[in-house]
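Undergrad: Pulled from TrEMBL, these are the listed features:
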type: COMPBIAS; residues: 696-708; note: compositional bias 'Basic and acidic residues'
type: COMPBIAS; residues: 711-728; note: compositional bias 'Polar residues'
type: REGION; residues: 696-748; note: region 'Disordered'
type: TRANSMEM; residues: 6-21; note: transmembrane segment
type: TRANSMEM; residues: 33-52; note: transmembrane segment
type: TRANSMEM; residues: 118-137; note: transmembrane segment
type: TRANSMEM; residues: 157-176; note: transmembrane segment
type: TRANSMEM; residues: 188-212; note: transmembrane segment
type: TRANSMEM; residues: 389-422; note: transmembrane segment
type: TRANSMEM; residues: 428-450; note: transmembrane segment
type: TRANSMEM; residues: 594-612; note: transmembrane segment
Amino acid sequence: MSGAALAIVVVVVFFLALYLLQRYGDLWKQQRLVLLGTLLSWYLCFLIVFILPLDVSTTIYKQCVHDSSNRTGSVAGVRHITHSEASSFPHSSHSTTKVCVEPWSYIPDGVLPVFWRVVYWTSQFLTWLLLPFMQSYARSGAFSMVGKIKTALIENAIYYGTYLLIFVSLLIYVSAHSLWNHTWAELLTIGITAANTWGLFLLVLLLGYGLVEIPRSYWLSSSHVYLLSKTYFKAAKMATEKAAAEENLADVMDEVADVHASVKYNHFLRKCVDTILTKCPIEYQEEMGRNVETSHGEQNVLPTKRSLFNLHKKVISAVQRHRQTQVQWLILLEEAFHLEDVAKSKSSPLRRFTRSFPLAHHGWIRRFIYTPTVEWYWECVFRQGFCRLLAVVLCLLSAAVVWSECTFFSTHPVLSLFAVFIQMAEKHYNYVCIEMASFVIILFMCVCVYSTVFRIRVFNYYNLVPHHQTDAYSLQFSGMLFCRLTPPLCLNFLGLIHMDSAVSHQDRIQTSYTSVGSTYSTQTQTVVLINMYNAPITQKPLSRNTECTKKHAKMSNPLCYHTKCSNAVSLFPSLCQIMGSMHLLSFISDGFYIYYPMLVLLLCFATFYNLGSRCLNLLGLYQYIADDELASDLVDEGRELIRRERKRRQRAEEGQNRRWAWKEQYGVQGATGRTRTGYTELNGDQTSPVLEKKNDITFTRRDGKTEEEQQASLLQDYSSDDGSQNRRSAGGRYLSLSPPLKGIFDDV
């Protein structure tokens with residue numbers, strides 16, 4: 001199985017990242033470079049999460065071989081472990097083979113250091129260079145590639161200038177508090193340390209929210225009453241956002257229409273106007289074409305090229321937001337209808353799940369496995385207990401993470417629960433338990449952090465929307481966050497299980513993630529392992545270079561001191577060039593790195609008592625809180641909106657059933673609107689009512705409306721999609737919804 005586990009994980013994680021990108025992005029319409037950058041950033045971050053448990057088990061196996069070699073008195077064995085021949089140790093002696101069993105997922109030496117180096121530097125290139133540039137490029141309103149690149153360079157000059165100012169400030173601090181001479185590698189170390197520190201800052205904020213919200217969401221989702229109330233609340237908010245998006249789109253289209261009418265076809269800006277028109281919805285394009293044909297040559301002020309840039313940017317944003325709200329509204333309606341069907345089916349004596357509206361697609365799973373009977377037992381019987389059981393398990397995991405975050409710095413005694421479990425499994429060399437425990441821990445932490453990233457919504461500039469509705473800016477922003485959060489997340493995980501020497505202060509072999517290589521002097525046979533903070537881990541001076549080693553080992557802020565010794569030969573780039581050295585900045589290594597993760601406890605309490613949601617409510621960004629009066633009003637409003645949409649769909653379905661019955665009764669001729677007995681049927685483009693003869697066939701309606709009133713109501717539902725120039729109505733926030741029954745909602 002040498003390397004097979006690594007290859008399997010690499011392939012599986014790639015398809016996982018591709019599936020998520022396909023779910024949130026549009027693989028066929030969005031720019032290829034945007035999709036490639038987002039896919040690569042997600043892929044690398046997910047890959048780190050799945051490969052790190054294999055690195056942990058491989059490191060424990062190497063430590064076993066190292067300890068066994070020391071017991072047998074083999075000094076050369078230490079050198080082999082440090083470099084690339086650890087696989088020879090299980091065959092060096094019979095006793096070693098019995099003690100140290102090679103794990104099934106063992107990865108040969110030399111593979112993981114190169115792998116981590118490629119993954120880390122690629123993710124850093126994406127998060128600091130490519131993705132910010134592509135964000136500006138995608139949002140630019142320029143009409144040419146050169147113009148987009150110019151705009152992106154100008155915007156990123158401000159972006160990078162801010163980080164340069166932070167880096168210079170840290171550099172001044174280090175220069176004032178240290179005695180060593182700066183080299184390029186040391187300056188690079190400071191920059192990487194700053195990046196990891198910023199990532200740790202974001203990590204704790206997102207982790208504290210996810211540790212509470214994820215278990216609580218599963219516990220609350222076991223209650224259909226809660227889910228239905230929250231869905232009504234979201235429907236009321238979405239109706240407002242949908243109406244606002246439609247009004248904003250109408251305003252932008254008015255501006256486009258003015259520009260379209262003022263810029264003639266022989267003008268040099270006409271090509272830019274045509275480009276803007278291609279980004280508009282089809283119905284608006286047709287309307288503008290008709291208006292230009294009927295216009296009498298009114299002269300408007302000609303736009304400038306810069307104003308066209310801004311208009312192009314506004315059109316792209318308005319159209320994207322309009323599509324998002326339309327899709328989200330439809331998804332929300334389906335969710336609300338499903339929850340209402342669950343509430344009705346609970347009291348059904350038939351024990352079959354009954355839907356108000358039939359599904360558009362019936363796959364083989366629903367036909368043979370997830371039948372209406374199975375669905376009834378799941379939704380009405382088992383789902384509640386399963387969600388509560390899962391919530392309890394996740395709550396215990398959250399408590400273990402919080403406890404370990406607050407106690408991981410204690411090594412004597414070991415208080416971190418994860419470190420205790422890993423050390424117990426290490427004593428018995430149970431690699432399967434080690435890998436499974438590591439995978440579950442880091443996966444849970446990643447779910448808490450990444451799910452928070454997917455839930456973050458910064459007004460309407462950043463919002464991940466499923467069903468292919470996420471724009472390029474939001475996709476790239478999520479990729480940047482993933483690349484910045486994953487390295488400190490993994491380092492934090494290694495600290496929780498005491499596999500990081502900066503936390504455990506133990507003389508042991510480091511993982512390849514925190515110890516990329518070693519430094520070996522051929523003349524002195526001195527082996528020095530360098531950890532992620534560039535502190536010496538294992539020192540075995542055997543000759544005259546001991547003085548040089550001790551000199552640099554006694555430095556208050558130890559660097560990769562092997563570079564100071566003239567006889568040292570670097571076999572691999574040390575980790576001071578990979579992960580940074582927090583010991584260079586004492587206030588980070590001795591204070592921030594140790595005590596800042598404890599803030600996760602305060603963030604958990606704040607999330608538990610909904611302090612963040614209450615603050616957002618005060619700012620006008622309403623969040624659902626069960627005991628809030630404003631939330632109750634929005635729930636009632638959303639319930640009424642869903643009721644109206646349900647009635648509208650029922651009327652449309654009844655009309656379809658009526659037409660189907662007509663075709664069944666009178667054949668093809670009846671479908672065309674002409675029958676042998678004088679009947680006429682209303683087609684989609686006709687306005688005349690259906691004539692019915694009671695002695696032949698009778699159609700009854702539950703609401704008692706005439707067919708003419710029904711058709712008028714159905715046509716009014718789509719009035720917002722017509723090609724009129726002024727698409728806003730007096731209804732305001734309920735623009736796209738069907739009108740209420742007369743005399744009931746006159747005060748809305």
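Glycine too: its Cβ is placed from the backbone N, Cα and C atoms.
No curator has checked TrEMBL annotations; they are predicted automatically.
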Undergrad: Quick test of the contact rule: Cβ under 8 Å, at least six residues beyond the ends. What residues does that give for the transmembrane segment (428-450)?
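TA: For the transmembrane segment (428-450), the nonlocal Cβ contacts are 49-50, 52-54, 56-57, 60-61, 64, 99-101, 103-105, 203, 206-207, 209-211, 214, 394, 397-398, 401, 418, 421-422, 482, 485, 489-490, 492-493, 496-497.
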Undergrad: Who are the chain neighbours of the transmembrane segment (6-21) in space, where the CB to CB distance is under 8 Å and they lie at least 6 residues beyond its ends?
TA: 27, 35, 38-39, 42-43, 46-47, 50-51, 54, 105, 107, 111, 115, 475
Undergrad: Considering only Cβ pairs under 8 Å, which range in 33-52, 157-176, 389-422, 594-612 makes the most contacts with the transmembrane segment (188-212)?
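TA: Between the candidates 33-52, 157-176, 389-422, 594-612, the best contact partner of the transmembrane segment (188-212) is 594-612.
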